[in-house]
Amino acid sequence: MAVSKLVKYLLFNFNLWFFVGGICILSFSAYVRINKADFQITDELLPAVNLLIFAGAMTMAFGFLGCCGALQESRCLLAIFFMSLLVMFLMLLSVGVLGAISRTASSQEIVKKRMKDLLPLSEQPEDFQLAFQDVERTGFCCGFFVGHLDWGNATVVPDSCNCTDASRNCTVLEARKIFATPCMTYIFTWLDRLSETLMGIAFGFGILMILAMIFSLVLLCEMNSGHTSLI
């Protein structure tokens, strides 16, 4: 069968990259999902992360499938590979759309409204309080919107609000220095970075998938033309 070796090995190399890339996507998205409190993952972003986990796992499987199809010159495997890539491309496109939606003003207003429902912070479950205290230490901030007042009163403001960096914006609360900056700015900045990461991954692998689909179609066409010439 007169199949172009160049296209064959280009497709194999692309699928090898898909396999490695699938491992990277799966590892990163699973880590973010497990540590969603540390990454401040909201309910609006969670579907995108879950979809990315599924996309990473499927990319690994389809990368292996494509490698086998290219090496064995199997039309059946290549056809399955092409259709699978098309489905994966549409899924990654939806990840990018979800990431873009999470950055809109309306989406941010929904996040703010849900955060207001959590006030006062001192009445929330202990695991949530501990997770948010880590955010305060990392972001050098205190509370959601109005600083220490979001915790309720001065007696329940945790040590995570203590001003540990003199260069930061601090205030005095009953003989102790605490961060005066609310965490809302830090949280939204982090969400923007996470959204950009999700959209960047979706865009990068989307381009690779388009190229891989083109190579698989070329290989399928050459295999079919070779089969026809033999007949």
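Count begins at 1; order follows the chain as displayed.
Each Cβ is built from the backbone N, Cα and C atoms, and glycine gets one as well.
Residues or ranges marked as transmembrane segment by TrEMBL: 12-31 (among others). Same-chain neighbours of the transmembrane segment (12-31): 49, 52-53, 55-67, 70-71, 81, 201, 205, 208, 211-212, 215, counting only residues six or more beyond its ends whose CB sits under 8 Å from a CB of the stretch.
The transmembrane segment annotation in TrEMBL covers 51-71 (among others).
Look at TrEMBL and you will find 78-101 (among others) tagged as transmembrane segment.
Residues or ranges marked as disulfide bond by TrEMBL: CYS142-CYS161. Sequence-distant contacts (6 or more apart, same chain, Cβ under 8 Å) of CYS161 (disulfide bond) comprise GLU136, CYS142, GLY143, GLY147, HIS148, TRP151, ILE178, PHE179.
If you look up TrEMBL, you'll see 198-221 (among others) marked as transmembrane segment.
Within the chain carrying the transmembrane segment (51-71), a Cβ under 8 angstroms from the stretch's Cβ atoms is held by residues 8-9, 11-12, 14-30, 33, 77-78, 80-81, 84-85, 88, 91-92, 94-95, 98, 198, 201, 205, 212, 216, 219, all 6 or more beyond its ends.
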